[in-house]
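Marked as domain 'Putative sensor' by TrEMBL: 24-203. Sequence annotations record features per position, and here TrEMBL assigns domain 'Histidine kinase/HSP90-like ATPase' to 334-420. Taken from TrEMBL, the feature transmembrane segment covers 21-44, 50-72, 119-148, 163-188.
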Amino acid sequence: MDNETPQRPWIVQRAVQTGKDVAYLLTAFPIATASFVVAVTLATTSASLVIIWVGVPLGVATLWTMRGFAAFERVRLRLVRPERIEGVYTVAPAGSSGMRRLLHVFAVPQLWKDLVHAVVALPLATFTWSVTVSWVAMALGGVSAWIWEPFLPPEGVHPTEGFLYWINTTVAHVALGVIALATLPWVARGLALAHWWLGRGLLGTSDEARLRAEVERLESQRGAAASAESTSLRRIERDLHDGPQQRLVRLQMDAAAAERALDADPERARELLAAVREQSQETLAEIRALTRGFAPPLLAERGLAAAVRSLAERCPVPVTVSVTAAAPLGVATETAAYFVVSEALANVAKHAGARAAAVDISDSLGTLRVTVQDDGRGGASVAKGHGLAGLEDRLAGAGGTLTVTDADGGGTVVTATLPVG
């Protein structure tokens, strides 16, 4: 049985598309006017105030406002053609300072193209709106002339030269209206496509630019991953030298002393062996803490949910865990998510002063969302010197993002998003 939806007749398709084109054209002028006024006002104001630095944040606000207008216009242009027009907006490298992130806005080419579109779209919209209104009025007024013309007063409209003159005039008006109505689909289509091509040129990104942006994004991810790996290795090297290595040297010395005292002073040897046992336990605990940066076998054997629950059980702060994400999520994604929970819970235990914490892991539309929230003192940050430093670079290497905010009522919320697969 053929379940395909039957195609609509050509004339129906043409009528529907004409309605979309006319709707787009009639709304283009007021929207273009609004975007033009906002663009020119904000741009000139920010340019005049840049000398006292007030213009810098105002310029950022200008470009972001134009991005909003551009996004709305891209949606409207789908009335003309279903093909999506997408712009590529590059972002500052992971780990950039707040000032660098702010100034990076001025280095995004697409934002400037959005601003240019807001300025040049108004003249085109003025022309297309005027033609559309005139054409629609001529079509509707002409085909309905036989209805409204008899009600016009004879004075000043046409001389009263009899019924024949009225018939000829009405027929001429109706004929003109029919011609305008018949050609309206093509006229509206041409005018609407003029807007579409302008939008494609300014609001869209060429394939070459899109590929270049993708290469830059991948290079940024690779650099962030390498930076995170290098930082992690340096931390492990430093911690091994300052902790377990020194304890092992002490343990070796105590074991040698116990060996020498075994015959002459058994009681002393027993005390030294007890110290050796205590030192070995402390060394083992430090090594376990250091290996927190490595994915545990439990993650590979039983999955993310079991590994996260194991972290929660070992945390000195009571932790509730909710995992609704459906497996499999991908090795890189699960590993990155595990590190997020591990580092966040370590920060809760060491710095937050919290009484309880909660971990929630869910997925939606190809994105994994990891949230760790506590009821501590708040104030956590991904800046250097804080417990979560380096986690942002690790996530960027996996194509994810990290946000750290203070929760309402106290505490910290760590949220990570990662691509699934």
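Backbone N, Cα and C define each Cβ position, glycine as well.
Listed as Cβ neighbours of the transmembrane segment (50-72) (distance under 8 Å, sequence separation of 6 or more from its ends, same chain) are residues 31, 35, 38-39, 42-43, 87, 89, 102-103, 105-106, 108, 110-112, 114-115, 117-118, 203. In the domain 'Histidine kinase/HSP90-like ATPase' (334-420), helix, strand and coil residues by DSSP number 26 helix, 30 strand, 31 coil. Non-local neighbours of the transmembrane segment (119-148) in the same chain are 22, 25-26, 28-29, 31-33, 35-36, 39-40, 73, 170, 173-181, 183-184, 187-188, 191-192, 194-195, 198, 202; each lies 6+ residues outside the stretch with a CB under 8 Å from one of its CB atoms.
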